[in-house]
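Annotation comment: Swiss-Prot describes Asp246 as active site, proton acceptor. What Swiss-Prot records for Lys268 is active site, proton donor, and it gives sequence analysis as the kind of evidence. Swiss-Prot lists Asp22, Ile23, Pro43, Ser44 with the feature NAD(+) binding site, giving sequence analysis as the kind of evidence. Marked as S-adenosyl-L-methionine binding site by Swiss-Prot: Pro223, Gly299, Gly300, Asp301, Thr329, Ala330, Met381, Gly410. If you look up Swiss-Prot, you'll see Ser126 marked as phosphoserine. Here Swiss-Prot flags 1-202 as region 'Precorrin-2 dehydrogenase /sirohydrochlorin ferrochelatase'. Marked as region 'Uroporphyrinogen-III C-methyltransferase' by Swiss-Prot: 214-468.
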Amino acid sequence: MDYLPLFARLNNRAVLLVGGGDIALRKARLLLDAGANLTVVAPSLHEELTELLVGHTYIPSRFTAAYLNDQMLVIAATDDEEVNAEVAAAADAANIWVNVVDDPDRSSFIFPSIIDRSPIMVAVSSGGKAPVLVRMLRERLEALLPKHLGALANLSGEWRNQIKQKLGDITSRRRFWEKAFASPQLATLLETEQHDSAEQWMADQLQADDYAGGEIVLVGAGPGDAGLLTLKGLQQIQQAEVVLYDQLVSPEVLNLVRRDAERISVGKKAGHHSVPQHEINELLLSHARAGKRVVRLKGGDPFMFGRGAEELQAARAEGIPFSVVPGITAAAGATAYAGIPLTHRDSAQSAVFITGHCKQDGEEPDWAALAASNQTLVIYMGLIGSPAITERLIAHGRRPETPVALIERGTTVRQRVLRGTLQELPELAKDAHSPSLIVIGEVAALADTLSWFGGDTASGKEHLINLA
């Protein structure tokens with residue numbers, strides 16, 4: 001870290017600005033907005049700067065070191081490099097922080113790009129290395145941060161003591177503020193400057209006093225790429241106090257979990273349940289009973305070939321509140337990253353998702369229906385069962401030459417796509433690792449031309465496409 005970000009209180013503090021032109025004008029606006037007691041030294045002044053300095057000090061002179069006396073900060077904002085260098089040297093000798101505009105090497109501090117939602121302030125800097133990138137980031141942040149953010153912060157400051165007195169424990173207070181800060185109704189009241197109504201909203205919410213109970217939120221983490229996590233999913237994992245996660249949740253998604261949340265790996269993976277389901281249920285319930293906000297984080301979509309419904313049924317039986325945040329399932333995410341459309345006007349009018357890992361005493365699927373030629377068949381957790389799947393599909397009429405694709409670790413930098421035909425599927429599966437998705441149908445051949453993520457896809461077991 002080349003610079004330590006700091007916020008300086010300049011109200012009524014002495015600040016010296018050397019320069020009187022356009023460059024100095026821009027800095028003067030910032031310093032005056034911060035309440036500085038400004039002294040400007042320059043042979044002449046920009047007309048607008050003259051107006052700004054009413055109530056402040058202007059010295060019509062060239063800079064000398066004597067003007068540094070009693071100053072907290074110094075800004076050199078001239079277009080004369082020699083003068084700027086002289087100011088920097090004198091300030092360094094006097095042990096006063098100095099900024100030379102557009103010259104970080106001579107500066108002991110620099111001005112960041114500022115997004116002002118006072119009292120909320122956001123500062124962005126590249127240390128002078130990438131000013132265009134900083135400008136782009138500032139524009140994005142300006143669009144992202146609502147204009148009422150400052151009013152929201154001021155309102156929270158006004159209510160802080162009342163909330164602390166009413167809600168005795170820190171968990172209840174945090175939940176109150178999270179609800180307030182996420183409320184569309186409160187946001188609308190502040191955006192439209194209905195301050196009395198905003199105050200009443202706060203009073204009503206505080207009176208409700210429902211912030212102590214636990215809850216369970218079932219969140220789909222998506223297929224691997226952290227960019228595919230939904231916005232609501234991100235919000236939930238950043239508000240969680242306890243997170244129970246599967247092996248299929250990528251490290252990149254786990255890195256987005258709130259830092260002080262308790263993380264518990266329950267290790268679920270096809271055929272390998274390191275924590276039995278009844279123990280997972282009890283972990284969820286016990287933490288929720290203790291008043292915690294618990295997130296059950298599952299790979300893909302939580303209701304797609306997982307046991308999310310069973311977990312929520314356990315919560316319902318205990319009377320524990322719950323909610324669900326859907327995620328992008330592997331059938332949608334992995335196929336898209338492999339360049340395989342699930343449906344196509346010419347060859348696939350439907351798509352069917354099945355699991356290759358069923359209960360041992362479960363009924364056989366309808367293989368005749370699954371072998372239909374005008375549909376895409378997507379199989380989750382099908383590596384181990386691929387020989388039996390291949391045999392049954394061919395026996396029920398699916399062509400042995402039907403294109404197939406096996407997508408390993410879809411949407412991640414370690415994605416591999418193995419291409420072949422249905423009759424080659426068992427051999428392809430021998431070279432694949434979990435998690436993998438099997439796609440059977442004419443659309444699988446389109447990966448040859450529609451592949452976009454990391455490289456081209458080739459056919460045949462001998463061509464393992466590593467997209468890392």
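A Cβ is built for glycine as well, from the same backbone N, Cα and C atoms used for every other residue.
Given the structure is predicted, the values throughout are model-derived calculations rather than measurements.
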**Fill in**
Ala330 (S-adenosyl-L-methionine binding site) to Asp246 (active site, proton acceptor), Cα to Cα, whole Å, comes out at 15
**Message:** Counting Cβ atoms within 10 Å of each candidate's own Cβ, which of the recorded positions Asp22, Asp246, Asp301 comes out highest?
**Reply:** Asp301
**Asked** For the binding-site residues listed here (Ser44, Thr329), which one has the lowest count of neighbouring CB atoms within 10 Å of its own CB?
**Response** Ser44
**Asked** For Gly300 (S-adenosyl-L-methionine binding site), which residues in the same chain are close in space, meaning a Cβ under 8 Å from its Cβ, but six or more apart along the sequence?
**Response** Gly220, Ala221, Gly222, Pro223, Leu248, Gly306, Gly327, Ile328, Thr329, Ala330, Gly333
**Message:** Quick check: of the recorded positions listed here (Ser126, Gly299, Asp301, Met381, Gly410), which one has the Cα closest to that of Pro43 (NAD(+) binding site)?
**Reply:** Ser126
**Request:** List the residues of the same chain that sit at least 6 positions away from Ile23 (NAD(+) binding site) in sequence and have their Cβ under 8 Å from its Cβ, in sequence order, or write 'none'.
**Result:** Ala77, Thr78, Asp79, Val101
**Item:** Entries of Asp22, Ser44, Ser126, Asp246 which, being recorded positions, have CA atoms within 10 angstroms of Gly299 (S-adenosyl-L-methionine binding site)
**Value:** Asp246
**Request:** Sort out for me which one of Pro43, Gly299 has the most neighbouring CB atoms within 10 A, since those are the binding-site residues we care about.
**Result:** Gly299
**Request:** Specify the nearest of the recorded positions Asp22, Ser44, Ser126, Asp246 to Gly410 (S-adenosyl-L-methionine binding site), where nearness means the distance between Cα atoms.
**Result:** Asp246
**Request:** By CA-CA distance, flag whichever of Ser126, Asp246, Asp301, Met381 among the recorded positions is nearest to Ser44 (NAD(+) binding site).
**Result:** Ser126
**Request:** Give the three-state DSSP assignment (helix, strand or coil) for Met381 (S-adenosyl-L-methionine binding site).
**Result:** coil
**Message:** With DSSP assignments reduced to helix, strand and coil, which class does the residue listed as 'active site, proton acceptor' get?
**Reply:** coil
**Complete:** Rounded to a whole number of Å, the separation of the Cα atoms of Asp301 (S-adenosyl-L-methionine binding site) and Asp22 (NAD(+) binding site) comes to 56
